[in-house]
Each structure stands twice: as structure tokens, then as C-alpha cells.
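Peer 1: Mind looking over this structure? Questions follow.
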Amino acid sequence: MIEAVNICVQRGKKQILNHIDFQAKSSALTVIIGPNGSGKSTFVKALSGEIPYSGKMTLNGHDVTHTKTYEMAAMRAVLPQFTTLAFPFLVHEVVALGLSVNQFTIAKKQLQNLPQKALECVGLADYGNRHYHQLSGGEQARVQLARVLCQIWEPVCNKVPRWMILDEPIANLDIQHQLVVMNIARNFARCGGGVLAVLHDLNLAAHYADKMILLKQGKIYCEGSASTVLTTQNLSDAYHCSLPVSELPKADTPFVLPQTASFL
């Protein structure tokens, strides 16, 4: 479980996160949504240890601030919104960066095959010897997801759930590969792991999320199931535009349809 208690992040005089409290459980896909500047990526950075915060954050009962880096790496893998590599890596070398924490939990022969298996999962089976910097933005994003998979290949290790922390994992992808990524995330959760993902696509969020958290101006505006969070009133208040919500025929999933030129 990820548990956040009274999390605050301040930059200069600006309060980015303001007393955030929530829980995300393993075996579930939790999605954070909200407008730009609402604090979504800031929360991910706090959880991954990139930025300081006040309050308490725990992952599987371990205090994020006081747990050793390698111990955290064995429990969770982070896919940041933006990734910059300083060296001219080949694709298989980038993916293999995720292997180090698995060297004591997975047999050596299986470990050697993991990068290729991970690339197959994201639809890049033949890309191993290509130069990472020559790939498109969407292809690079999928390579980074393969790295995440290498790091936490087994959703549960020694009876402890592992976590995917994904910050806008489908931002640069076409619809086919958006679905590939979201299916990987959902299957990881179904196998006992935990997934916390930041998404902007409200309809994909509605389809895949077991729990949704809507942020507005650094605070949790509401949380719960998709049908609880994705209401016309909630979305209009958070996004300041008209976002009518209906249900798809023969489905119990909300559908959000933005209206052109109807900003509030």
C-alpha cells in the first residue's frame, strides 16, 4: 500500500501540494487526474524521492524518506514524465538498467532474457540494437516502460507487492500503444502488484482505473470510483470548462465529451 499523510510541497512562496492524504492499494490501478499545475507530477516526484516534502509517505509500510535507495528500488519502479540520457545507449542497454535490483531474486539465465521479454511486451522486440536517441518520443517512452518492467518483473516478490509509478505514460503514444501500456499496467495490478498512474485522458482513466483521485490546485478535490469522480460538476469545477459525462451503452463506464468553445 502507498499511504500519504498530510503531504505538503512548497516551492518558494508557492504551495504546490497542500495537505494531501490518500491510500493506494496493491492489486489495483490507481489513477491521478487533474488540470495542468494541480500537483500530479509533483506528487510522483515526492513519492520517488526526487523532491523534499513535509508529512509522511509510506510504501508497503516503509517510510519513503528514511528507506535506503536500493530497498525502495526493489519495491517500486518509476516512469517519469520526461527522461534524459546523457550517454549514447543502445535500446537493450537502456532496458537492462532495470536489472540490477533483480540480480538476487531471479535466476541468472532468466535475468539475461528479461530485457528482450520486456521489449516484446511493449511491442519493440526488434529494437534492441537500435540507438535510443534515434527513436521517436513514443518509442522512447515504451523503452522506458520496458526498463520499468525489468526492474519489477515479478509483481509480488517474497510476498511483498511491487509498484509501478507512472507519470503520464501514454502522453506520446498513438491509440494502439496507449492500450498496450494500459493493459500492461492493469495486468500487473491483477497479478498482485500496485500501479499509481498520472493520466490526462479521462476516458482511458475511466476504463482502466480501480480508483481515481482528482487533484485541483494542490488538493484532493475528490476520490473514489470512476463513476464517483467523473461527474459533470466535478470536472467542470476542476477543469473550468464544460465536460458533460454520460454512460456508454451496455457499459457501466462514464464517458467524457468536451464541448468546443465552452470554457467557464
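Glycine too: its Cβ is placed from the backbone N, Cα and C atoms.
Feature annotation from Swiss-Prot assigns domain 'ABC transporter' to 2-242; the stated evidence is sequence analysis. The annotation ATP binding site is assigned in Swiss-Prot to Gly34, Pro35, Asn36, Gly37, Ser38, Gly39, Lys40, Ser41.
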Peer 1: If you take the centroid of the Cβ atoms of Gly34, Pro35, Asn36, Gly37, Ser38, Gly39, Lys40, Ser41, the listed ATP site, which other residues of that chain have their Cβ within 8 Å of it?
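Peer 2: In sequence order, the nearby non-listed residues are Thr42, Leu215.
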Peer 1: Measure the Cβ-based neighbour count of Lys40 (ATP binding site), defined as the other Cβ atoms within 10 Å of its Cβ.
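Peer 2: Result for Lys40 (ATP binding site): 24 neighbouring Cβ atoms inside 10 Å.
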Peer 1: Taking only same-chain residues 6+ apart in sequence, whose CB is under 8 Å from that of Gly37 (ATP binding site), what do you get?
Peer 2: Gln217
Peer 1: Quick one, of the binding-site residues Asn36, Ser38, Ser41, which Cβ has the fewest other Cβ within 10 Å?
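Peer 2: Across Asn36, Ser38, Ser41, these binding-site residues, the one with fewest Cβ atoms within 10 Å is Asn36.
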Peer 1: Near Gly39 (ATP binding site), how many other Cβ atoms are within 10 Å of its Cβ?
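Peer 2: Other Cβ atoms found within 10 Å: 23.
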Peer 1: Counting only residues 6+ apart in the same chain, whose Cβ is under 8 Å from the Cβ of Gly34 (ATP binding site)?
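Peer 2: For Gly34 (ATP binding site), the qualifying residues are Lys40, Leu214, Leu215, Lys216, Tyr221, Ala238.
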Peer 1: If you draw a 10 Å sphere on the Cβ of Pro35 (ATP binding site), how many other Cβ atoms land inside?
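Peer 2: If we count other Cβ atoms within 10 Å of Pro35 (ATP binding site), we arrive at 16.
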Peer 1: Work out the three-state DSSP category of Asn36 (ATP binding site).
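Peer 2: Looking at the DSSP assignment, Asn36 (ATP binding site) belongs to neither helix nor strand, so coil.
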Peer 1: For Ser41 (ATP binding site), just give me the three-state DSSP call.
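Peer 2: It is helical.
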